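Read the structure below first, then the notes.
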Amino acid sequence: MALTEKIRKLLVRHKSTENGIAKKTHDDDNSSITSSTPKREKWTRQFDFIMSGIGYCVGLGNLYRFPYLCMRNGGGAFLLPYFVCLFTCAIPLYYLEVALAQYSSSSPLTFWRLSPLFKGLGYGMIFVSGITCIYYNVIMAWVLYFLGMSFAAEVPWGNCGNEWNSDCCLSSVDAGQIRSNSTGSNSSMPLNSSAVFTYSDFGTMSGDNRSLAEVVFGTANQSSGGLVGFTQGSLIPGCNTTTSPAEEFWQSMVLGMSSGIEDLGTIRWQLLVCLTVAWLITFLCLSKGVKSTGVVVYFTATLPYICLTILMVRGATLPGSLEGVKFYLVPNFTKIAEFKVWCEAGLQVFFSLGAGWGGPIIMAGYNNFHNNIKRDALLIPIVNGLSSVYGGFVIFSVIGHMAHVAQLPVDKVVKSGPGLAFIAYPEAIALMPLSPLWAILFFMMLLTLGLDSQFVTLETLTGSVIDEFPELLRKRRTLFTFVVCALMYFIGFPLVTNGGIYVFQFMDWYCAAIAIVIIAIFESVVLAYVYGVRRICEDIEQMVGQPTFILWKICWWAVTPGLLMLLLVFTLFNYKAPTYGSYQYPDWAEPLGWTVAVIPLIPIPAIAAWRLYQSKEENLKMRFMRLLQPSLDWHPQEREHRRVQVNGNCVTYTAPEDSIRLPDEKKEINGVV
């Protein structure tokens, strides 16, 4: 009877908390929820989660970073470390996030009710996601600008002679013709030994600063590698280097680049209009939460694959495309022995999948309790990885054609990062018949790839804050989303000035790279060792009705945290000060950048210290022990799925009448609240 009475009191406390009767205690992390507060949303169809997950993971990096890494790190051989890291590092952490988020119907802030001492990790996630949203939508503004300019008889970046072109502009077609005419003999045309197409390298973590199309005409008196000797001199009078029309369109027409971050100049009104459109699209698609997003993702997640397929078929018909694909996939197995290759594979799968950012948590929190999360946690990452490989065929078939036209090796044409999306690939498109059609398809594909990721990243911020203050904000979701979008829109103004590209490079360099890896390390350790693998397996089994495979447990206990620590060491060891092409940032930029990099990490110790200070336990040790345990409001959203633990006994209550099923008191049950 004593045990029964104790259980009834605990159940009353739970029900009172739900109805807004109980006061918030020092160790509970429950926002005030009254009966008038709208219930937390769920996906309309369970397939909405899968489509949103694929749309979030398959982003711009799959298209303009993975193929380049694959080519640079052993071609087809790179797939081995890529998929090994995918299954041992990225997927286990992703599985942890989505499983526990589905179990508790939580967002990145309420997720840490499982161990309130570490709630600062949730704040770190939404800080990183919020900062990323600001400059990620600037990429969408660039895409919209290119898309708008593609609706013309000819793409404007296809040739020189426009008002924004300089006297040193030279197209790859003209360069290839000159080089072809000069083959076999010393050219009488004066050529400079250092004449190159100099393409800016930005927005990448590759550490490779080669120009996009180096040594177009060869080096003076060089005859190896099929390059012929040329007479020293100047290709174009007064020009030490030549630039392509695509690069000049990008730098002069789109960006209107200034001399550096010290000179921001004025706002580019064309980019401001595009940024306005990008934020309007984002707001409209998120204004109703998952009800609106769940519909939009069926378009934004599928259109990229349609465009990719059309572009791949077109690329396969172009001369030289096969050489590009060979260069992409021909394996060099000696690269597998290099530590750097494994670390770059790990970083690529980790950042591509989005574990540690909060996106998977916010999406899985809208799932139904008995959704087969084990299946989804494998399906989404595998689709993400295969999409990266698929995108490489599209990129390298066209790059191979570009190299064929310019009569260059493929490695002198390929580039990583946005330089590929906004310079190299557009120039390759300009070489095709019906170039505006292919440009429209390409930039529509980029737009939908980016919007999916932007939707979920912003929802990570807005959904988390709404869940933290449901009574105040859940009824006002549309208004709150508008306020957040407007605020980020205005903060992004410096990014669309003449010096905006330098601000973009600076933010991209520091805002996420270090902080996210550290957050992921803390997250994996807390979930595996504080909350406990045993509890995790019990929660998953309650949802899917199947025990957890032993390999998952091994990864959670040792492999995933260990690999994440290696990635952190590799990232710090290979750190370099930011640059943009040949531009060097001023001395004050680096300390400011590290300050920005640390900001998302500050809530981790700050929130922990505040919680310890607020705790009413008698001594510091008891405060630690209490705050490491799940709070009373860590449980499934639906009452019928909850379990209450009293004196080691697990009690499930299913009905409003407090019908209670008592276990055998002699049987050890490891249920948790």
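Cβ atoms are placed via backbone N, Cα and C, with glycine included.
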Among C133, C169, which cysteine is annotated in TrEMBL as forming a disulphide with C160?
C169
S352 (Na(+) 2 binding site): which of the recorded positions V58, C160, S453 is the nearest Cα neighbour?
V58
Cβ-centroid neighbourhood (8 Å) of the Na(+) 1 site, G55, V58, N62, N384, L449, D452, S453 excluded:
I54, Y56, C57, G59, L60, A301, P304, S387
Write down the Cα-Cα distance for C169 (disulfide bond) and V58 (Na(+) 1 binding site), rounded and given in Å.
35
How many Å lie between the Cα of D452 (Na(+) 1 binding site) and the Cα of C160 (disulfide bond)?
35
Rounded Cα-Cα span from C160 (disulfide bond) to L449 (Na(+) 1 binding site), Å:
30
What stretch, picked from 79-100, 121-147, 345-366, 378-403, has the most CB pairs under 8 A with the transmembrane segment (593-613)?
121-147
For the recorded positions V58, C160, C169, L449, the one whose C-beta sees the most other C-beta atoms within 10 angstroms:
L449
Using Cβ distances below 8 Å and needing 3 or more such pairs, separated by at least 6 in sequence, tell me whether the transmembrane segment (121-147) contacts the transmembrane segment (267-286).
yes
Stretch of maximal Cβ-Cβ contact with the transmembrane segment (49-67) [cut-off: under 8 Å; candidates 79-100, 423-447, 509-533, 554-573]:
423-447
